[in-house]
Every structure is written in C-alpha cells, then in structure tokens.
Amino acid sequence: MKVVEVKHPLVKHKIGLMREGDISTKRFRELATEVGSLLTYEATADFETEKVTIEGWNGPVEVDQIKGKKVTVVPILRAGLGMMDGVLEHMPSARISVVGIYRDEETLEPVPYFNKLASNIDERIALVVDPMLATGGSMIATIDLLKEKGCQSIKVLVLVAAPEGIEALEKAHPDVELYTAAIDEKLNDKGYIVPGLGDAGDKIFGTK
C-alpha cells in the first residue's frame, strides 16, 4: 500500500496547532479544512492532464485540463465532513458520497448506519476523508462498501494515522493509497491515537 506522510512545513505547522488541548471549535474547523486542502494537493499530483483549446481573451489558447477524471469525495460521518470543504476547494464539481459509520466505544468495532453514494461510482476516483485513522475499522468498512459498488480507484486522506490503523488498512486493502499529515506513536487502551488530536468529531462540531 502506498503511504504518504506529507512533510510540507505548512502541513506540519497546522497539525501542530491542532494538537493544542484548548483549541477553539472555530480554529479546529479552519485548520481541518486547510490541512484537508493541502492533502488533496498531494493526493491528486498523479492525475493526468490533456491539452485542450479554449477561447481566451485574445483568441484561441491551448491549456492543460485534468484528463477524464470523475471524482467523488467520501466523508465518513460525522467527522469527515470537517475535511470535505478543503477537498472541494480544488474540485468544486466533484460528487459527494456520504457514508455513516460509528465506532462502538466498548468493542471498538465499526457500526454502519447510512450511505448515499454518487452515481456511476464504478467510474470514479474516490477520495475518502476522515480526520483519524485509529484502529482502521471504519475506514476498512467504508472501502469495503465502495468496492462492493464497483469503485476501483480509492485514495484515503486523514489528518493523523496510527501505525496500527495503517497496518490494518494495508492488510485489508493493499491497493488503496493513504495520505496523512502525521503518523503518530500508537493507540492507547481505549483505541485513541497518541498523541493524536483528541476527539476530532467533538472538536469540529463543538460537542466536546
């Protein structure tokens, strides 16, 4: 599995700011969007372009456009919504596919409860967004669903990943690509990433 830890200074700086224990909801949301945008830049670097001719201000001009790439952004509810706008800044016409999965706090197992996928998902590149890759359960369940519906090209964008989550994802889906702003130390006994960001969903939605 291709794993890319984005080491750009802006990404590292912004993730550092997100680790502050008393960060405001407003600031956390802003940073989640900004880092999501920067991760998108990295994740789409291999998109092919083609030459097309358009009508410019002074007549026809040849420009580069992304070649035949249909994209769907797949936020995992609810925390993934906090990264979605950062992705859409670059691809405002991308279709949105929503997957609802929560993690049982006792068993740490993923529990699916909702999905609404874009049409022609089998023809699209899926950019799956979720702030945290902890145990990997929710991400694996989401990718299972996408593949069941015929999606063959999947890239995962997360703010922070744990080694345990990366290992589980690679074992289940070695053909996906993972882009993360940080690979942290480990999971604690409650399945939270250490040092991590805390509960990203609570911080994004102001329910902490």
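Backbone N, Cα and C define each Cβ position, glycine as well.
Copied over from Swiss-Prot:
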BINDING   Arg78, Arg103, Asp130, Pro131, Met132, Leu133, Ala134, Thr135, Gly136, Gly137, Ser138, Asp199  5-phospho-alpha-D-ribose 1-diphosphate binding site
BINDING   Ile193, Gly198, Asp199, Ala200  uracil binding site
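Ranked by Cβ neighbours within 10 A across all protein chains shown, the binding-site residues Gly136, Gly198 are led by Gly136.
Under the three-state DSSP scheme, Asp130 (5-phospho-alpha-D-ribose 1-diphosphate binding site) falls in the coil class. Following the DSSP three-state reduction, the secondary structure of Ile193 (uracil binding site) is strand. Taking the C-alpha positions, the distance from Ala134 (5-phospho-alpha-D-ribose 1-diphosphate binding site) to Asp199 (uracil binding site) comes to 11 Å. Under the three-state DSSP scheme, Gly136 (5-phospho-alpha-D-ribose 1-diphosphate binding site) falls in the coil class. Residue pairs drawn from Arg78, Arg103, Asp130, Pro131, Met132, Leu133, Ala134, Thr135, Gly136, Gly137, Ser138, Asp199, the listed 5-phospho-alpha-D-ribose 1-diphosphate binders, are separated by up to 17 Å at the Cα level. For the recorded uracil site, residues Ile193, Gly198, Asp199, Ala200 set the reference point as the centre of their Cβ atoms, and the other residues of that chain within 8 Å of it by Cβ are Pro131, Met132, Val160, Tyr192, Gly196, Leu197, Gly201, Asp202, Lys203.
In sequence order, Gly100, Gly201, Ile204, Phe205 constitute the residues six or more apart from Arg78 (5-phospho-alpha-D-ribose 1-diphosphate binding site) in its chain with CB-CB distances below 8 Å. Listed in sequence order, the binding-site residues from Ile193, Gly198, Asp199, Ala200 having a Cα within 10 Å of the Cα of Asp130 (5-phospho-alpha-D-ribose 1-diphosphate binding site) are Ala200.
In this structure the C-alpha atoms belonging to Gly198 (uracil binding site) and Ser138 (5-phospho-alpha-D-ribose 1-diphosphate binding site) are separated by 17 Å. Rounded to the nearest whole angstrom, the C-alpha distance between Met132 (5-phospho-alpha-D-ribose 1-diphosphate binding site) and Ala200 (uracil binding site) is 7. Spatially close to Ala200 (uracil binding site) yet at least six residues away along the chain are Phe28, Ala32, Ala79, Gly82, Pro131, Met132, Leu159, judged by Cβ distances under 8 angstroms.
DSSP classifies Arg78 (5-phospho-alpha-D-ribose 1-diphosphate binding site) as coil under the three-state reduction.
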